[in-house]
Amino acid sequence: MEIPPEISHALSEIGFTKYEILTYWTLLVYGPSTAKEISTKSGIPYNRVYDTISSLKLRGFVTEIEGTPKVYAAYSPRIAFFRFKKELEDIMKKLEIELNNVKKEEQRPAIWRSRSFDEAIEMFRESLYSAKNEVIVVTPSEFFETIREDLIKTLERGVTVSLYIDKIPDLSEFKGKGNFFVRQFYKLNHLIGMTDGKEVVTIQNATFDSIGPPSFKSTYPEIIFSQYSLIIEIFKESTLEKEIIGNPKDIRFFAMFHAVDFVKNHLKNRNIYAEITGKNLESGRLETLTGRVVGYTLSLREAVNNIHLETENGVVKVGGMFAVIEDYESTEIKFIMG
């Protein structure tokens, strides 16, 4: 029997054999049938019908009706693929759980590209879910509703969200959810998400092409540096419009210019203590620093931003990603408000 080529191709793409495609299509078109009827209508050799039916039953696409002879019926595509999708999601969850249990070695950098907006948004969400300290989100306001729930879930995990947007939306739903900083910036075409300074997702020219914009996710340091530098330029021209501090004892940043801006706004009125994991630029070793924040440098023109931390070994300067002139470089900054 003739099957539309696009249907045959689509089913083969998800692992259906030629006989499985013919059998499922035959049952959809002609309704419940015996093995002999399936063979006659589909052209499948009779001795291959039963193993094909068994395979489709295991997949959840066909059911068996008891009787003499036995009759077989296809589940509708909506029901069959609902089951199939759930099965795939269960497998995906098991993979993610097992992957999280594996101690990962440091992986080489990579880049993943897409021309699908929906796929790019999934990459964006995946990046948000992996965050531990801070996510920076730059988005045109028309896409805010698409990611609203994802931002709330990120805040609820204790991760700081720093949002840049052209029009300030209703944020009442975000109160008490976590530490949320909203800055207004008007020149927005791209949607950018940067997570902990370790990976970045960029959906380019999203406002002009919301169906198939060129998009990528990358862990290459060079690309992260490029996008980080772009975000600093956006920061320079933005204004802080909303600050929600839901966890004053656990305020996390990876972007030092955000951490310094927070210190600038609060140090006069509050004591700020810090727990920082940073690389000693002299020895190259990772160290944990604790102490009271006693000062800061925020000079965007000279590209210098750091905090001055009073530790048991004296006052040290902690810079952010790609720090050079400071004592330490850090992307793991936690503030505790006194």
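Glycine is treated like the rest: Cβ placed from N, Cα and C.
The stretch that Swiss-Prot tags with DNA-binding region, taken from the ranges 33-54, 99-120, 275-296, is 33-54.
Farthest C-alpha pair in the sucrose-binding residues ALA303, VAL304, ASN305, MET321, PHE322, ALA323, VAL324, ILE325, GLU326: 12 Å apart.
Under DSSP, the residues of the DNA-binding region (33-54) split into helix, strand and coil as follows: 17 helix, 2 strand, 3 coil. According to its DSSP assignment, VAL324 (sucrose binding site) is coil.
Same-chain neighbours of the DNA-binding region (33-54): 1, 17, 19-20, 22-23, 25-27, 62, 64, 69-72, counting only residues six or more beyond its ends whose CB sits under 8 Å from a CB of the stretch. Report note: the sucrose site is defined by ALA303, VAL304, ASN305, MET321, PHE322, ALA323, VAL324, ILE325, GLU326, and the residues of the same chain whose CB lies within 8 Å of the CB centroid of those residues, excluding them, are MET256, ASN306, GLY319, GLY320, GLU329.
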